Protein chains: 2
Amino acid sequence: MNPLTTLVEARFDPHCHNKYATLMATGNGALGVRATHEEPYTTQTRGMFLAGLYHGAGEGETNELVNLPDLVGMDIELNGDIFSLLSGEILAYRRELHFESGALTREVLWRSPQGQRFAINSARFVSAARLGFLGLRLAITPLDGTATIRVATGIDATQTNSGRQHLAERELRVFENSYLQGRYRTLDNVSDVILGCACRVSPQAQVSFSAKNRRLLQHTQQTVGKGEPFTLEKCAWVCASLDGPDDNAVAPALTALRACVSAGFDALLAESLQARRNWWLHARVEVQGTCSQDQQALDFALYHLHAMTPRHDERSSIAAKGLTGEGYKGHVFWDTEVFLLPFQLHTAPQIARQLLRYRWLNLAGAKRKAARGGWQGALFPWESARSGDEETPAFAAINIRTGERQKVASAEAEHHLVADIAWAVAAYGQATGDEVFMAREGRALLEETARFWLSRAQAVNGRLELLNVIGPDEYTEHINNNAYTSYLAHDNVRLACELRRHLCVPDDDFTAQCEDFLARLYLPAPRADGVIPQDDTFFSKPDIDLTRYREHAGNQSVLLDYSRAEVNDMQILKQADVVMLLYMLPWRFDTGTLAANLDYYEPRTIHDSSLSKAIHGIVAARCGRCDDAYRFWRAGCEIDLGNAPHSSDDGIHAAATGAIWLGAVQGFAGISVKQGLLCVTPSLPPHWQRLAFPFCWQGSTLRFVITQDTVTVVCDRPVTLLINDVVVVAKGETAFVLSDPAVRKEAQ
Amino acid sequence: MNPLTTLVEARFDPHCHNKYATLMATGNGALGVRATHEEPYTTQTRGMFLAGLYHGAGEGETNELVNLPDLVGMDIELNGDIFSLLSGEILAYRRELHFESGALTREVLWRSPQGQRFAINSARFVSAARLGFLGLRLAITPLDGTATIRVATGIDATQTNSGRQHLAERELRVFENSYLQGRYRTLDNVSDVILGCACRVSPQAQVSFSAKNRRLLQHTQQTVGKGEPFTLEKCAWVCASLDGPDDNAVAPALTALRACVSAGFDALLAESLQARRNWWLHARVEVQGTCSQDQQALDFALYHLHAMTPRHDERSSIAAKGLTGEGYKGHVFWDTEVFLLPFQLHTAPQIARQLLRYRWLNLAGAKRKAARGGWQGALFPWESARSGDEETPAFAAINIRTGERQKVASAEAEHHLVADIAWAVAAYGQATGDEVFMAREGRALLEETARFWLSRAQAVNGRLELLNVIGPDEYTEHINNNAYTSYLAHDNVRLACELRRHLCVPDDDFTAQCEDFLARLYLPAPRADGVIPQDDTFFSKPDIDLTRYREHAGNQSVLLDYSRAEVNDMQILKQADVVMLLYMLPWRFDTGTLAANLDYYEPRTIHDSSLSKAIHGIVAARCGRCDDAYRFWRAGCEIDLGNAPHSSDDGIHAAATGAIWLGAVQGFAGISVKQGLLCVTPSLPPHWQRLAFPFCWQGSTLRFVITQDTVTVVCDRPVTLLINDVVVVAKGETAFVLSDPAVRKEAQ
């Protein structure tokens, strides 16, 4: 394996505080910590989140991922000067997130306002081996003479979600002159959180403790000589009881912290590194090419895919911003099943299973939501948290000019999510052959989602139609027969029937209804030119020149010039819709259709959603447009890694990181599944010499190594594949030469 | 009148952010705004408070004065550099609070990190004429070339009380592209707060608005040439419905704001200045002497006495920190009646009346509290807010080392407050002759407080004793027959009887009980040496050397070496107790007794309370110890104005500002009341040439001008006085020469 890359922040820039606080966030799927600096800045938003810990801050407030009391902050005084990189002079600065170890390091050389130089280095990691552990190390060396160093740090519960407080302080303790512990309870009395920490200081210093105004702090003061390092290692332990307060959790939390403190920062870092190395072995996508940013983007994406996924808890799923920020209130969208689950499915299928069980466990809420709408089966919430109930606020934020509140349409009509979940269930069944899951959770999910569509469809002139829906393109609301939704719904019902047949479930009324649905559901057919109508009226709407909006993709700048209603009445797409459909059901459409729809829709798409460009890239790759594919893929990588200083302030674009993997594996490696067979149709960017990655498939872990000329498959048992549409069997390590007529790609 | 002084902050020092944010706070008794800088700093605590707006942030949380959404903050960018005085270079800096106008100004010359110089000046005031108005002006002039200036400001509801959020955001609006309005409701649905603001920008600029994460902001951007000033005037209006939500308050709030905006910043400042000038005319204490800090301390004190007193609302009283900080949660203590009410009584008696009506309106709560303790009459809460119920938390903050919570003793046993209120009622009656008030509110207050003492006293060996009380000295808890409490209780009952006789209330059981109480209550008598025992056991306790604790008075450092129980068992006073008694009832004790008790108790007093030194000063003045008196008075002035960087972080020491006035008027001018007569026994510090002040007395406004040799009294009708214990009558303007045998002070 090539060495893992890193992400470097080479310059201290307050404009980018929150961008890097997001990009360099550390986490392990249970606990996420924003990469804010130890010393405070008004321009940075601190954040620490536990997967699954949601709370609504009061009447009318949405449940949101609770921003926990802060453990990272340190008030540092050097010879009486408050340490801040805004003051004094920065002589050297480098922050680096090490994707391999998950450690975030900062090295600073600072001249204080009084003129003394200090080397101030820090390191931080969230353990991949012990899910509640956060370790921080601060080392300060005075370079010009003796210095008195003061550090105050502990547990700061003044932290809020932008002013919304979720936690009541229940108990603050200092045990054995070392261990700080704060116990907090959500204001609804449902969840407890316990935070503990202890600081080891060298050389040994006098310490005192204070508890005031929701801050429990250890105050450390020490005088050290020139060149003598002062170090402070802070071990912290965070845990929660999410389903009811637990007054007995205090002692075990202290025991866990004590164990960490005895192990020590270095040993815990080594333990965590080992766990992460094992993880990378089974996940990493390696690329060799002339652009080093490509490997970095893949490492970045996978690093965050690891950090955001709650593999420890099937009652939690992946939030739209992972555990890196307050954006989207930590809610779970279709992003999880469509953009994030495939990576898990093909690197750690048990996690994909768990993410689907999250939906299965929440079937009751989905049935309630369907029933409220007058439908049957399961209508999953557009946004969900822990309970599985709809978390989308009924009304959008008030229009500050008119005072009106618009109903949020997505929760009302963006129903394709139901079929997306079914799609993911079927993909899971196909990729794993997990009969046990499919017989219980899979069947329930496929049947209940199918049942929803049966009831959702309306008979219109002898055919069934899906009226008043919203497809992925949210600039076109409340339309009839949205192609994406209809095709996916059709597939959903088909998959349910197939599974029932596979499970030998006897035919019944449901079967008959499904067959009727499959026969009569109206699926918008391609026009003569191959273009599929996005919905019944789309083609009848006027076009406008979108150039300036496309130049500022992601900013929704079109809404500054036009109202939502006006945008709705033009051929303007926020994001891929028909193109998304082509991506989702590759077996259904030939490359001609792909090309025709790309050509028609892409110029009409602003890409204001971060979900858009990457999907275009994959579809472009599938029709052999390598340059386009790469351009789109890079644009997808830039969503977080690009230069825009504020685009990631609220958290990582989780789906976009998933799409970086999708683009490499499904786009450039060209992996897809057709008729149950794994297909490989590579389309490497010209400057990529080699693309290698592990891939779990039906109980085996394959390894693909793809070059411009060859596809090498390593497997522990024979696997039948389609390479460039030719059936081959791989055994052990098999290299297929693409120029070999046996696997030559047919001319498009 | 000599020109009013100012308070200057000559240097930008982050260590002192909160000290000056308190000292330079602006307010009008209804609205108080901490003097935080426009640009944000992590080291400053913003604060804006409305008198009477209390709320408890959740189960187990105390009601506290709500820290409102912020109006002061401005994010300023100059050519892309975020403006912060921590970065770049400060070429000039001066902040000044103008006591006369109540305006706070700041003048800064700043070199940005990019090297461009800017003059950045701002001004701010809370109107003394329109109680909801806060005006801010920012002027930025680029000195080295064209500059693009961005300012974002509005209403920032991320503000909390140290992390506790009280307000739900109900509605955010922008009217007519100018007026921002936020409507907030306390989480208990009891109170509404409406904040509005509008910014006038010159030269006219493009503006936009945003509402996100509880921040409603106007974003202004303008490019101005070298030497061309950019100004932004922000008019803000704050109002509340404190006794129930009011959905109809939005329109009137907007109308009020609109009126302010049409009047404009300058006109409103002039209007407010006029109102303040009128106020100073009837309140100012002028001193001529060689130490200019003395006049400044008096101006400072009176400025804050004005800013803290809710003269608009008899349902509110004065918080221990006024409206300048979150300290003591904005609660009302005995400080109000004993330390703050005398100033009002003798400069604006109608306000003293109102402060007493606050207690009268809250009699029901006081009766409930007495009944809960098994007593009769009124036991006023040790800490009160708006409801009049006890707001002292039942338990103190948890002991972070033991996990134990101690009961808060003050609310249980510090009952002298009852008699303090009665003392203030009687003083009011005496000073104003307000028969109407005394017949209703006065009688009710004196009778119900007396009734409490009747039931509180216990017969012990034939006499009545007050057992298990806490006097003002809180280092000696749960003692029997505390001299302060017993003498004051005795006086309380006496005053009730006197008033009833005055009002010709027929004698009844109550009268008989009072007479019995007055006859049988044990009042600790002075020993042979004149020293009054603080309580039954005080003299039996050991002494220790208090030198080091007295050197750090105010820090409670003795509690670092001894437990509370240990302190309780030694002759250690936190604050004046017997000395306080001598101060309260001057007619009861001769100067010999004063001297003996000062000499005994003062060395045993650490002065850890801000209420202590000033009272010692007055008692010292009364026994002719001019130097001691001045030393104590200056120490009282230093409580807020001294150099300690953090002693005022949580807010002004309201009682200490009252004591600055008390020291001048009751100490140095030697004004007291004995047998209903106004006494003047001056004892000016040697370096004071002249002390002049207005003084309301029985419907007249007298004016005293006191020099080392003379007392001049100006009055609009004849007033009988005791000058140096000699009865005189003043008419028009009368100068009494102190060397004249008719008014010569007797030798002590």
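Placed from the backbone N, Cα and C atoms, the Cβ positions cover glycine too.
Quick look at what TrEMBL lists:
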- A:9-241: domain 'Glycoside hydrolase family 65 N-terminal' (DOMAIN)
- A:299-661: domain 'Glycoside hydrolase family 65 central catalytic' (DOMAIN)
- A:W334, A:D335, A:K574, A:Q575: substrate binding site (BINDING)
- A:E474: active site, proton donor (ACT_SITE)
- A:673-725: domain 'Glycoside hydrolase family 65 C-terminal' (DOMAIN)
Additional residues surrounding substrate, by Cβ distance to the A:W334, A:D335, A:K574, A:Q575 centre under 8 Å: A:F333, A:P472, A:E474, A:S609, A:L611, A:S612, A:A655
Spatial neighbours, same chain, of A:W334 (substrate binding site) - Cβ under 8 Å, 6+ residues apart: A:H416, A:L417, A:D420, A:I421
Sequence-distant neighbours of A:D335 (substrate binding site) in its chain (C-beta under 8 A, six or more apart): A:I318, A:A320, A:L611, A:A654, A:A655, A:G658
Cβ neighbours of A:K574 (substrate binding site) where a neighbour is any other Cβ within 10 Å: 22
Between A:E474 (active site, proton donor) and A:K574 (substrate binding site): CA-CA distance (Å): 6
Rounded Cα-Cα span from A:Q575 (substrate binding site) to A:E474 (active site, proton donor), Å: 8
The domain 'Glycoside hydrolase family 65 C-terminal' (A:673-725): DSSP-derived helix, strand, coil residue counts: 0 helix, 34 strand, 19 coil
Nonlocal residues around A:Q575 (substrate binding site), in sequence order (Cβ under 8 Å, 6 or more apart): A:P472, A:D473, A:E474, A:T605, A:H607, A:D608, A:S609, A:L611, A:S612
Assigned conformation of A:D335 (substrate binding site) - DSSP reduced to three states: helix
Residues A:W334, A:D335, A:K574, A:Q575 [recorded substrate binders]: greatest CA to CA distance in Å: 16
